[in-house]
Amino acid sequence: MELIFLGTSAGVPTRTRNVTAILLNLQHPTQSGLWLFDCGEGTQHQLLHTAFNPGKLDKIFISHLHGDHLFGLPGLLCSRSMSGIVQPLTIYGPQGIREFVETALRISGSWTDYPLEIVEIGAGEIFDDGLRKVTAYPLEHPLECYGYRIEEHDKPGALNAQALKAAGVPPGPLFQELKAGKTIMLDDGRQINGADYLAAPVPGKALAIFGDTGPCDAALELAKGVDVMVHEATLDMAMEAKANSRGHSSTRQAAALAREAGVGKLIITHVSSRYDDKGCQHLLRECRSIFPATELANDFAVFNV
């Protein structure tokens, strides 16, 4: 999986940072996909500066209905239609997301020429497509807000082709059945169990993408053991009380959560517009003093999961 940050500013855009939007490129060899997490104003314009086509989007996840995470959605939906895109799109979000989208389209006399499904979610598993599952966790914010945990299922281990050939199994379709863990019967009556020729499963990757939040009970469960955790660091340590009063987190709180959850990497985003480049480096240093494996997301930054 690959993360591409389209917007990393909190509340309002700056000259160097747009408001929140994150692409997730699934990069699966047989079932690829492009997902978008939040869609602040100007997201479709940010997309133009990447190699990704809006027509490839198949799922959009909205954390909450504050404008800096949402106001780019109607324009993106309409542009997909104007471009002749017919690929279906599913939007997941909290209660009210359906009304927002339908009202914006109706009042503006707009429509979509592709199948559009809107799913209003609650806490819990959203879907499992057999390759990965997505679970929503409630966060601490003035509006109903969710973080999303994306978990790949473990992949089958490598098939020991040499051992199979030595056992008299001819390469070809039978190898595919054995790779799937099935048992086959050879012409001489022998049964070959694929599980006996498979290496240990390859653990799938796990990713946690937080919406806006102050400290909350569900945060640890959402982030526990993930390879990458994306979390806001709206304000620095000195302004922690102010951040919490508005349903946001400080650098210290983001880094402390990453350390407690045992994540592989922390990526901080949703930076207050009060911070220039020098100020952002200050935020990064504060996080790294607690959790060294921290990176600062800038617009168009790319991270592998």
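Every residue gets a Cβ built from N, Cα and C, even glycine.
Not measured: the values here are computed from a predicted model.
Summarising the annotation, Swiss-Prot assigns active site, proton acceptor to D68. Here D68 (active site, proton acceptor) comes close to S9, A10, G11, V12, V19, T20, G40, E41: these same-chain residues lie at least six apart in sequence, with C-beta atoms under 8 angstroms from its C-beta.
The Zn(2+) 1 binding site annotation in Swiss-Prot covers H64, H66, H141, D212 and is backed by sequence analysis. Every protein chain shown contributes to the tally, and the Cβ of D212 (Zn(2+) 1 binding site) ends up with 27 other Cβ atoms within 10 Å.
Counting every protein chain shown, 27 other Cβ atoms lie within 10 Å of the Cβ of H69 (Zn(2+) 2 binding site). Look at Swiss-Prot and you will find D68, H69, D212, H270 tagged as Zn(2+) 2 binding site, backed by sequence analysis.
Neighbours of H270 (Zn(2+) 2 binding site), defined as other CB atoms within 10 A of its CB across all chains, total 28. Between the alpha carbons (Cα) of H66 (Zn(2+) 1 binding site) and H270 (Zn(2+) 2 binding site) lies a span of roughly 13 Å. Under the DSSP three-state reduction, D68 (active site, proton acceptor) is assigned to helix.
Spatially close to H141 (Zn(2+) 1 binding site) yet at least six residues away along the chain are H64, G211, D212, T213, G214, G247, H248, judged by Cβ distances under 8 angstroms.
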